[in-house]
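Novice: The region 'Disordered' annotation in TrEMBL covers 55-83. The compositional bias 'Pro residues' annotation in TrEMBL covers 59-82. The feature domain 'L,D-TPase catalytic' is assigned by TrEMBL to 89-214. Summarising the annotation, TrEMBL assigns active site, proton donor/acceptor to 172. Taken from TrEMBL, the feature active site, nucleophile covers 190.
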């Protein structure tokens, strides 16, 4: 083979190579123009996945929003005092719950189990106002017409007593009825408390503090009696 023929062959090869290169570049321009952004591997920032021309790769989705927590339920509102007071203290003796609720300056400060008058001697419903106090005393049935030595008579030593009415109703300590306080009425008409709760009432209730009795079978209290 002559030198001129060899040179001519090399020129043809170079020309064909250039033509093929131009064709390849022309084919790659549309794919590059419409290519999607290179996605990344979740959890590995900055590491792109290869983009294959002609194959759609979905863009990474943003993380789902955190659920909004439900607000905590509001606590139940405290009950309002049943009546107005001039002393800052009010009490409600409720036969439905066998409980004495105590307010001071409009806020509930204490709840305590009680026992009121049994069916034979029910405590009348109504608003009482505390009168004189007795650190300790003897109570007997003769004060309301029942002889001490009769079947229903009694003479009992009590502590932390406050008079509620002039006909013999007191609120006082009654350690003998602690097991019934909060569930059963066993008194002769008074409001029975544990010694600890009776002392609290005795030391905090000024004269003239209203004590409201509700829910008993005792009819209605006549103020002043």
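The backbone N, Cα and C atoms fix where each Cβ goes, glycine too.
All annotation found in TrEMBL is predicted automatically rather than curated by experts.
Help me understand the surroundings of these features in the structure.
Specialist: With DSSP classes pooled into helix, strand and coil, the tally for the compositional bias 'Pro residues' (59-82) is 0 helix, 0 strand, 24 coil.
In the predicted model, the domain 'L,D-TPase catalytic' (89-214) shows an average pLDDT of 96.
Counting every protein chain shown, the number of other Cβ atoms lying within 10 Å of the Cβ of residue 172 (active site, proton donor/acceptor) is 26.
Taken residue by residue with DSSP, residue 190 (active site, nucleophile) is part of neither helix nor strand, so it is coil. Sequence-distant contacts of residue 190 (active site, nucleophile), defined as residues of its own chain at least six apart whose C-beta falls under 8 angstroms from its C-beta, comprise 116, 117, 123, 139, 168, 169, 170, 171, 172, 174.
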